[in-house]
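Structure first, commentary second.
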Amino acid sequence: MGQHPAKSMDVRRIEGGEILLNQLAGRMIPKGTLTWSGKFPTLDHVLDHVQTMEEINTLQNQGAWPAGAGRRVGLSNPTPQEIPQPQWTPEEDQKAREAFRRYQEERPPETTTIPPSSPPQWKLQPGDDPLLGNQSLLETHPLYQSEPAVPVIKTPPLKKKMSGTFGGILAGLIGLLVSFFLLIKILEILRRLDWWWISLSSPKGKMQCAFQDTGAQISPHYVGSCPWGCPGFLWTYLRLFIIFLLILLVAAGLLYLTDNGSTILGKLQWASVSALFSSISSLLPSDPKSLVALTFGLSLIWMTSSSATQTLVTLTQLATLSALFYKS
């Protein structure tokens with residue numbers, strides 16, 4: 001029960017041919033959206049159809065269709081050529097057997113046999129190989145031969161001079177001192193700008209701090225110079241921070257215009273600054289020590305001079321440093 005008769009080879013070939021034709025014919029039917037109008041196939045569908053038909057024609061010309069497989073698409077079904085089977089007569093069969101028997105009798109017997117070879121010994125010890133002798137394989141290689149001893153003169157490591165260490169410490173102290181004075185001067189400039197800002201918004205007769213009468217034991221003082229402990233101290237440094245941010249914003253805007261160079265003003269400004277830097281760099285000394293001495297001298301003059309002189313020296317320092325950068 002439930003058993004089916006076995007299919008013959010011809011039936012299986014016909015079924016396989018039908019499956020192959022179904023797969024090839026499925027590629028020729030357009031699938032999905034054809035075009036925006038839905039009437040004509042797209043170029044991809046046409047090319048796929050042409051490629052499929054070429055494959056079908058190639059298989060048909062080669063006679064690869066099994067028997068009965070061409071009925072699905074109406075193609076011609078050439079029958080494959082059968083291989084002719086050799087027909088032997090009893091006399092020819094007897095002659096072949098006699099010839100093979102004589103060949104076996106006249107064949108020379110095997111006299112020598114090759115004994116099975118033992119696996120090679122990859123690890124050779126000194127004395128096992130006559131070519132090596134008492135030396136190992138690494139010792140005979142020219143890359144591993146020991147070179148004659150060369151006398152090496154060892155020099156003691158150079159001790160650091162005391163002057164170099166002292167110079168580094170002195171340079172660090174000078175850097176800290178200059179940074180401290182620069183911070184003080186920046187705060188002083190910010191306080192002057194804060195004072196100018198307050199003078200524009202307050203009358204001259206009312207420049208006293210409004211927080212000195214809040215009950216704290218603080219001596220009378222002006223706005224912008226509040227000591228530690230006065231409630232106006234935090235407001236003063238808040239104004240200084242806002243002024244500093246405004247200066248950074250203006251500087252960033254100028255740098256943006258200078259880097260882009262999209263406006264005529266930026267191009268003219270860059271051309272004038274380049275000409276100024278080139279003229280200043282031509283006047284600067286080429287010795288690095290002289291340049292460092294010049295910059296240090298200008299810094300000392302700036303830190304110990306009045307406001308007008310400080311402004312001029314600051315501009316000179318900026319021009320000098322910019323010229324150094326432009327020259328390098």
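Start at 1 and count along the chain as shown; that gives each residue its number.
Glycine too: its Cβ is placed from the backbone N, Cα and C atoms.
If you look up Swiss-Prot, you'll see 2-161 marked as region 'Pre-S'.
Per Swiss-Prot, N-myristoyl glycine is recorded for G2.
Feature annotation from Swiss-Prot assigns topological domain 'Extracellular' to 2-163 (among others). Summarised as a single figure, the pLDDT of the topological domain 'Extracellular' (2-163) averages 67.
The region 'Disordered' feature in Swiss-Prot is assigned to 63-128.
Per Swiss-Prot, compositional bias 'Basic and acidic residues' is recorded for 92-109. Each residue in the compositional bias 'Basic and acidic residues' (92-109) gets a DSSP state, and the totals come to 15 helix, 0 strand, 3 coil.
Swiss-Prot lists 258-282 (among others) with the feature topological domain 'Extracellular', giving sequence analysis as the kind of evidence.
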